[in-house]
């Protein structure tokens, strides 16, 4: 470059440096930035909101049965179905009244027709394959393939919304501890109106711990990427390594120990697996089972003991039928039989009790063989939150003449052996459990669980309770008084949330007015039933390829599944048969009459 060109450029550079900087165009402080239109939840009837630009959106109404800008114009067949379909409250009334009519229905083919209808209508409310997860509020391959996530029924509230619930309610959600103290904490024990007992509460807790496996390391939106359904991982362990530590490797059986002439789970000295016990509990006092936290409550270890005995009992029956089978085949086939027993008991006794229906529910996978049905399941975050039913827990635990406080009951490592299975089953079957819905029935020892669920739901940005009601085909509530059915709690909710459309998902489920003679409100039934039935009937053993006698070792194993009951589960594995039922005795509908006979196995 020449000296002349440099001399010409220098003044130009100097001039540029001395000039004032160009003006910066600032946004007018008086003009608010556009609100994400999807924060208003404009798309109805399961339409999908897609944002375009800053303040435009489009509703994808594909296969919703509706059209129009917001998916609100019904197609002719949709209109006809909606016009003819009875409301959930009317359907519930029909199913819980007219006992003698239902006695006739249960004895005819109509029962199977109605059962098929119940399963298909409920299951169709759950998307399959899964759609959303915590990280993806849109359809993605990750949402489908990555089983480390809980799936989501509704996407999260967009991050850029004016309020935590979208556009409704206050800028800040109420203090969690204040909310729990005012509306969830028990003033006095409110028993369940159906005669529900503490045995039911422990059965529910034991059962659900096989598929609610939140990852403590990854966070509340993640599972341990293991089973997403009824796999009995809480009995056999959720990894092959844990399973191998629990197995005897002889005749298909699980390890056990004999104490006072009775069979119990092995100690951690005999089965080297991690169990969560307080410091200072010696290894010989720690029982080793599939779920590491079951040492917390004697009721959970009670059912672990019963299922251990049942597994080894079934192994003996299969060994007699198939003397040539090796340990592995005996173990694997027995596991399938116990999965079948579990599903049968859950549908025909557990769900039956929860529903309060006079229609007798039936576990028959063949009902779906001609229907379009996917035999796979993914656990949803909403299902996990919904199932925190800690109001079932009483103020204390009554065993015989002794009353145990929570401090005496938790991590009580001697109670199960001291009393024995029969005495604990009998005691828990006779003690009333609490009402779940309606508010103010959490014992203060378990109130922190509710607070943790609400905290997690805020981290995961769950949509409002009313948005979930709409998703499951229910009409949204228009006021807190309509929601609670009374004035005092409604006024407190108005003060805390400011708008019924800002009420959170879990508080909504716990505070909703209960249906007549029911443990909880309409929403819990209408949201919980689809998750449950899809998860149970979506199990592989219910598929046409699996549901046949050969899968279960022939007619003997198949018959065990098809005739399973709570009473048989207990009484075939105890020396005498205690009172066993999900209802306290002398309550209408109780079927737990005692019959005493020796066990043939112990």
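Every residue, even glycine, has its Cβ placed from backbone N, Cα and C.
Database features (Swiss-Prot):
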type	residues	note
ACT_SITE	387	active site, for cyclooxygenase activity
BINDING	390	heme b binding site
DISULFID	38-49	disulfide bond
DISULFID	39-161	disulfide bond
DISULFID	43-59	disulfide bond
DISULFID	61-71	disulfide bond
DISULFID	571-577	disulfide bond
CARBOHYD	70	N-linked glycosylation site
CARBOHYD	106	N-linked glycosylation site
CARBOHYD	146	N-linked glycosylation site
CARBOHYD	412	N-linked glycosylation site
SIGNAL	1-26	signal peptide
Which recorded positions (61, 71, 412) fall within 10 Å of residue 161 (disulfide bond) by Cα distance?
none
Can you tell me how many other Cβ atoms are located within 10 Å of the Cβ belonging to residue 571 (disulfide bond)?
21
Tally every other Cβ atom lying within 10 Å of the Cβ atom of residue 61 (disulfide bond).
22
Rounded to a whole number, how many Å is the Cα of residue 38 (disulfide bond) away from the Cα of residue 412 (N-linked glycosylation site)?
51
With H, G and I counted as helix, E and B as strand and the rest as coil, say where DSSP puts residue 577 (disulfide bond).
coil
Reduced to three states, what secondary structure does DSSP give residue 106 (N-linked glycosylation site)?
helix
When you measure from the Cβ of residue 43 (disulfide bond), how many other Cβ atoms are you left with inside 10 Å?
23
Measure the Cβ-based neighbour count of residue 38 (disulfide bond), defined as the other Cβ atoms within 10 Å of its Cβ.
21
Quick check for the class: what is the C-alpha distance, in angstrom and rounded, between residue 146 (N-linked glycosylation site) and residue 387 (active site, for cyclooxygenase activity)?
23
